[in-house]
C-alpha cells in the first residue's frame, strides 16, 4: 500500500469553471477510492476533440466546474475494496468506457458496450454513490466521463482501468485511451479489410488517420483519403493514405468519383466525420456484393439519413462501431503490445508536447487545427 492510501490527496488540477473559458490550475482535494474504484497518479494526458466539445458546451447542458481529460497514462496509487485485477504501482490507462465483466455485453465476444460503465457525458459523479471525489475548499468539482485526467490524481471505476506492460512508454500509449483506438479498431476489428484490398477513409482528423493506420496495418493496397481540406493529404501519407479526393473538386457525388476510380467501388469504407452526407457517401461508395462501410463519426442529435434499400439488397453492408469494438480491460493491453512490437506507430500522431502549467495551449493548437495529439506532461 502507498503511504497516501486511504487519505485525501491535495494536488494540482486544471479546472474548467465556465464554458469556453481557459482552464485554471487549482489545488484540489482528491478523496480515496471507494469499493470498486482506483486512484491513479496521472503522468501524461492528451487532449481529445471530445474534451473541447464539452468544454465549449454549445450543444449540451453545461456542467461546471469540471475537470476534463480522458486520454491518459498513469500509475495506480491505491485501490478500493474488492479491486483484485489492479494493485498499487501498476501502470495503467484509464478509459472513458468500461468493462464490468458481468453484464450481457461484457460476456459477449461481439460487444464492448458495457451496461454498467458505458460512456455517460452527463454524469459528473461516481456511480457508486453519486458523489464527486474532487473538491476545492469543500465545493464539489464535477468529473468528466468517469476519468478526469487533467488532474495529478484522479479516481476511476476499476472497470475503466486497463493494466498495461510497465515497459510501455506512458507518454506514447496514453493516446490509446480514446481517439486512436476508436479509428484503429473501426478498421481492424469492424471493417476488417483484407491484404491487397481498397479502403476509403472519410475525414482525416485524428480518428480518420487512426483508421488509415489500421488499413495500413491490415495490408490494404489502396487507401483513399476523403476530406474537404486538401492540405491534409500530405500528412495522411504518413498513415498509409496513397490517394486523395476532395469532394469540392468534383461536380458529381464523391461516391460516384470513388466508384469510377475503383472499378465499381472500394472494398471497405470508414466514415470518421459525423456528417450525414459523408455517411451516405461512405456507404454508397463500397462495392456491391462484398463492400462494407463502417460509421464512426457522431452525428448531431436529430440527424437522419436515407439511402435506397437496393444498396443493401445488392449486398453492401453498413455497420456502426463504438471505441473500435475494443473491450478496455481485455483488449487495450494487446494494442499496447502491438505498439511495443513496432506494428502500430504512435509517434506520428503526437505533434506537440507541453507542461501541465501550459495546458491551455493544447486547446489553442486543436482549435486552430494545428495538432493531432498534444501530450501534456503532469510532472514539470
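Cβ from N, Cα, C; glycine included.
Going by what Swiss-Prot states, the NAD(+) site holds 203, 204, 205, 206, 207, 208, 227, 232, 273, 296, 297, 298, 373, and the candidate of 4, 50 recorded there is 50.
In this structure the C-alpha atoms belonging to residue 208 (NAD(+) binding site) and residue 106 (Zn(2+) 2 binding site) are separated by 27 Å. Checked against residue 70 (Zn(2+) 1 binding site) by C-alpha proximity, the binding-site residues 100, 204, 206, 296, 298 yield 206 as the nearest. DSSP assigns residue 208 (NAD(+) binding site) to a helical segment in the three-state reduction.
Checked against residue 50 (Zn(2+) 1 binding site) by C-alpha proximity, the binding-site residues 106, 204, 298 yield 298 as the nearest.
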